[in-house]
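Asker: Below are the features listed in TrEMBL for this protein:
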REGION    A:1-70  region 'Disordered'
COMPBIAS  A:1-15  compositional bias 'Basic and acidic residues'
DOMAIN    A:20-98  domain 'ThiC-associated'
BINDING   A:ASN194, A:MET223, A:TYR252, A:HIS288, A:SER308, A:ARG309, A:GLY310, A:ASP349, A:GLY350, A:LEU351, A:ARG352, A:GLU388, A:TYR415  substrate binding site
BINDING   A:HIS392, A:HIS456  Zn(2+) binding site
BINDING   A:CYS536, A:CYS539, A:CYS544  [4Fe-4S] cluster binding site
Number of protein chains: 2
Amino acid sequence: MTPDRTKQSVAHPHEAQPAPFPASRKVYVTGSRPDLRVPFREISLSPTRRADGSEQPNPPVRVYDTSGPYTDDVPHRNLSEGLRPNRLSWILERGDTEVSDASCSVPADEAHAFPAKRTRYRAKPGRNVTQMHYARRGIITPEMEYAAIRENVSPEFVRDEIARGRAILPANINHPESEPMVIGRNFLVKINANIGNSAVVSSIEAEVEKMRWAIRWGADTIMDLSTGKHIHATREWILRNSPVPVGTVPLYQALEKVGGRPEELTWELYRDTLIEQAEQGVDYFTIHAGVRLAYIPLTVNRTTGIVSRGGSIMAAWCLAHHRENFLYTHFEEICEIMKAYDVCFSLGDGLRPGSIADANDEAQFAELETLGELTEIAWRHDVQVMIEGPGHVPMHLIKENVDRQMQVCKEAPFYTLGPLTTDIAPGYDHITSAIGAAMIGAYGTAMLCYVTPKEHLGLPDREDVRAGVIAYKIAAHAADLAKGHPGAADRDNALSKARFEFRWNDQFNLSLDPERAREYHDETLPAEAAKTAHFCSMCGPKFCSMRISHELRDQAAASEQAALGMAAKAAEFRESGGKLYS
Amino acid sequence: MTPDRTKQSVAHPHEAQPAPFPASRKVYVTGSRPDLRVPFREISLSPTRRADGSEQPNPPVRVYDTSGPYTDDVPHRNLSEGLRPNRLSWILERGDTEVSDASCSVPADEAHAFPAKRTRYRAKPGRNVTQMHYARRGIITPEMEYAAIRENVSPEFVRDEIARGRAILPANINHPESEPMVIGRNFLVKINANIGNSAVVSSIEAEVEKMRWAIRWGADTIMDLSTGKHIHATREWILRNSPVPVGTVPLYQALEKVGGRPEELTWELYRDTLIEQAEQGVDYFTIHAGVRLAYIPLTVNRTTGIVSRGGSIMAAWCLAHHRENFLYTHFEEICEIMKAYDVCFSLGDGLRPGSIADANDEAQFAELETLGELTEIAWRHDVQVMIEGPGHVPMHLIKENVDRQMQVCKEAPFYTLGPLTTDIAPGYDHITSAIGAAMIGAYGTAMLCYVTPKEHLGLPDREDVRAGVIAYKIAAHAADLAKGHPGAADRDNALSKARFEFRWNDQFNLSLDPERAREYHDETLPAEAAKTAHFCSMCGPKFCSMRISHELRDQAAASEQAALGMAAKAAEFRESGGKLYS
């Protein structure tokens, strides 16, 4: 349809292996067993140069790393082979799975099929392979220990949070390539990046590249929302090469199977789609089981009606048949499928507000009540659950969303899209929503689904993905700081120290986007000498406050007496109320 | 130093007159006198097309307009002539001013001097020409009525807010070209854009273009922070062509006059600089009178010391002479100058935190106490005051800044820089700070000083100014929505209605940046037909939730009975607790 665009979306050779971040090296921390190796990125810093010419070393800074084997010393390159299935031995050790052949029934898409075939597993009859099931039996899995090391907390704490449903660890037994991570409000705030083609643009290569690009910038999970051609093959390529959990909305593929006619959807066809995707290794499913027939009339007078794709499809089915949502009526059977592969529920908010005008309305909160009801059902099956949230919400209505969700859904992790805090800035919705995302994260939301600058306008390309991920890493980190997450400020403090000491390269290297920071600085001062200059082009040499601050310190240091004198004066002034005028 | 860059910063011919916004026309509302004409931008919308083919017109949307005569039907073009001094007659009518010749003493910079000479005015001996002075005497000035019409409130309300010091109306009698506006927490949240050259880059033309560019995107005031060559001439060019209030930091020019050596600053030289700039028409001065000798030791152990340029300069002077800040000791004399021209104080936060680590510390709040003291002194002189605020502040510490400022400074308008909510994203600080700006605006901050993507890295160029202004228009508008400002949601609702009705052009035209919105959409669907298509490339035709929503509505409409049936069902479900499972 738009060849130029498609070409543009396809990975270029030089993109196939993005340059590693400067001054960074991949390090692995080994846990209680040799095959449990947890990745971090270590950023090395240059020493502080004192006025007397002496040097003081600055310790390297370790940061959480989502980039996977693509940033190893020997980077993974062969996409046709896929990543090493590191978790497979842990899964098989548990002895509660068996080989499945159901996937054979999936019509192979030879032209685009992923070449390397994988054995598919499912739980033995009557067994439950969810991390929640293990956690509730007091078992600390290698996955839990792995996530605990990443978060710098105890494995027992991770187990306990999963057991009580306040955190989830998405780890489908058929996605052994994944590096375990945990989503819950007592852990670092996570972000999800949506990728996937549409009927209009994109290609398999482009989507796999978007996945690798998204995790390079820090996406903790990705959702494949493909609705175009080769859905099964695209998903297989992504899963086999993704070190982060992958989520999907199975309804999209189901709708493709019936030619895009919602009324032709059936439970049997949907069920088979769930199994097909669970056997591929999808880690969480968005399931719009809360869009009940009874709630649809509540949306008729809205400004923007139903803006969730899945929500609108199920609403269309309900109306066409005048029957209750089959995802709701078959929910227990869905739970049986989820626990056979350990797929997490991401209970979709099909009636989320699509505009400021519709925020926190009756339709939205009616659905939330149902999601709370379904959460308890899933938990009875030891199936992990997170709850999806809005949408478009003005700032003063954001907190109510978190408070209600925690109460109604018994603290199951909240996973929100933004929210966008105004409707008037299409083209900048990564910013309108980063504001809402930072706030809702600080209030206790566990994962933030990114919004790119193309929201409402078109399918995001690579640069949009980068802009969206960085905006959301900012929101998530701002929330971690506000929540007082231990150690969250270490990177801020290291960067600010580098900034104050004019260690420009360290400032760039510690930032979320070192390339962009350096590029902006070098636009005006490209010379290497400027990388230690005590000013930048913003204020110029004479007006650099930090340079002057250093001179003040040197003066103070030079004259201990003066310093004491000043301190005394300071005390005296404060005692006297510090006023000249009265 | 960097010729390429300088060239890049200079206005190109095609930039000299930015294209008018699409479907927009400038309208003027006339007040109680024929020469009181208040500008708005009216955005016309296309009609709603109903399913039955009938059309329903959508009323045009009027928005606050800061762009000045550059967007009139006959746009102002001659920059060498300057804008028409619309306010001059109002000023002279008051009969409390006289012609001044002090400006003659300013050494003209012939090479770059502004060609058209202007008569300079000052208050007659013993008179006070501040808007606060008139307000306190019960006088509603044309300026107050003008601002009231812009804000859709009564002139008396504007007068009362100014009289009690809770709002300011920056309107130097020597800047008669300005279009009056009001800054206070009971009015729309305003944004400021910083421009100005540095010793490293930029030119007069470039700065004038940046001003016009900034107001086109919606800057309510601009600050000329020039520290490079031709400071006086640059400021004159900007003032004569600026329809928005202009602020400066006079200390920068004073420092230039002493070759950049803070210790050589004197009160007399600073005073003459104040008068020089007041006679040019600067509407507000940032004055760092709160950086007291006694507070400097409080900054010695900070992570980033003193990050305010003005603050560091005054601290250096205090230490060099071991004497109290001369701006503090001469504050009453400064008030005498301010009231002779109606220049507002923007009391500078010279000790604002420059990093998350230094937020809300003793140094910052010690200075705030002094700013509260100085506010009361200024008010005794009927001089208008706003208070500058941080800086770098994590989200959970933002509210304390507003609460303390309101209490200590008796509700004088708060004017904050961001704040940035994390230090780790240089290159994206328009986003890290838009989060803090939206929150602090919702808490009651009256004006937000923008931060561009180049913050900490270099001098912003045109595109950086655009990105910074849009990010801050978003933050200010999100705050207006959160504060429930009357009518604030009208534009959101009109845009969302257009979005839901697939009136793509209306959606673009109503957005803060119509060009960007259209550009993003057209990247994948450039055809004009797509401007009414019921989908975009994000989801493609089959998966557009809004399209499906419409079909649902049509069904509901088609079958009144069905709708009633659904409604009944809905009621029944809700009464029965709406559960299938129990």
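Numbering starts at 1 and runs along the chain as it is shown here.
Note that Cβ sites are derived from N, Cα and C of the backbone, with glycine treated the same way.
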Asker: Return the binding-site residues from the list A:ASN194, A:ARG352, A:HIS456 for which some CB of chain B is under 8 Å from the residue's own CB; sequence order; 'none' if the set is empty.
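Answerer: Correct list, in sequence order: A:HIS456.
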Asker: Which number gives the other C-beta atoms within 10 angstroms of the C-beta of A:TYR252 (substrate binding site), all protein chains shown included?
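Answerer: Around A:TYR252 (substrate binding site), other Cβ atoms within 10 Å: 23.
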Asker: Looking only at Cβ atoms, how many others are within 10 Å of the one on A:GLY310 (substrate binding site)?
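Answerer: The answer is 25.
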Asker: Go through A:HIS392, A:HIS456, the listed binding-site residues, and name the one with the sparsest Cβ surroundings, counting other Cβ atoms within 10 Å.
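Answerer: Result for the binding-site residues A:HIS392, A:HIS456: minimum number of other Cβ atoms within 10 Å at A:HIS456.
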Asker: Within its own chain, what residues at least 6 apart in sequence put their Cβ under 8 Å from the Cβ of A:ASN194 (substrate binding site), listed in sequence order?
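Answerer: Those within reach of A:ASN194 (substrate binding site), by Cβ under 8 Å and sequence separation of 6 or more, are A:ILE222, A:MET223, A:LEU225, A:CYS449, A:TYR450.
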Asker: Out of A:CYS536, A:CYS544, give me whichever of these binding-site residues has the highest number of other Cβ atoms within 10 Å.
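Answerer: Buried the deepest by this measure is A:CYS536.
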Asker: What does DSSP say about A:ARG352 (substrate binding site): helix, strand or coil?
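Answerer: It is coil.
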Asker: Report the nearest neighbour of A:TYR252 (substrate binding site) in space among the binding-site residues A:HIS392, A:HIS456, A:CYS536, A:CYS544, comparing Cα positions.
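Answerer: Nearest by Cα distance to A:TYR252 (substrate binding site): A:HIS456.
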Asker: I'm trying to understand the geometry here, so how far is the Cα atom of A:SER308 (substrate binding site) from the Cα atom of A:HIS456 (Zn(2+) binding site), in Å to the nearest whole number?
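Answerer: The separation of the Cα atoms works out to 12 Å.
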Asker: Using DSSP, what's the helix, strand and coil tally for the domain 'ThiC-associated' (A:20-98)?
Answerer: 10 helix, 24 strand, 45 coil
Asker: Give, as a single whole number between 0 and 100, the mean pLDDT over the domain 'ThiC-associated' (A:20-98).
Answerer: 96
Asker: Would you identify the secondary structure of A:HIS456 (Zn(2+) binding site) according to DSSP, in three states?
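Answerer: Where A:HIS456 (Zn(2+) binding site) sits, the three-state DSSP reduction gives coil.
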Asker: Hey, how far is A:HIS456 (Zn(2+) binding site) from A:TYR415 (substrate binding site), Cα to Cα, in Å?
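Answerer: About 20 Å separate the Cα atoms of these two residues.
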Asker: State the Cα to Cα distance, in Å, between A:CYS544 ([4Fe-4S] cluster binding site) and A:GLY350 (substrate binding site), rounded to an integer.
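Answerer: Approximately 52 Å lies between the Cα of A:CYS544 ([4Fe-4S] cluster binding site) and that of A:GLY350 (substrate binding site).
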Asker: Which three-state DSSP class does A:TYR252 (substrate binding site) fall into?
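Answerer: In three-state terms, A:TYR252 (substrate binding site) counts as helix.
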Asker: Over all pairs within A:ASN194, A:MET223, A:TYR252, A:HIS288, A:SER308, A:ARG309, A:GLY310, A:ASP349, A:GLY350, A:LEU351, A:ARG352, A:GLU388, A:TYR415, the annotated substrate binders, what is the largest Cα to Cα distance, rounded to whole Å?
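Answerer: About 20 Å separates the two most distant Cα atoms.
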Asker: What is the separation, in Å, between the Cα atoms of A:GLY350 (substrate binding site) and A:CYS536 ([4Fe-4S] cluster binding site)?
Answerer: 49
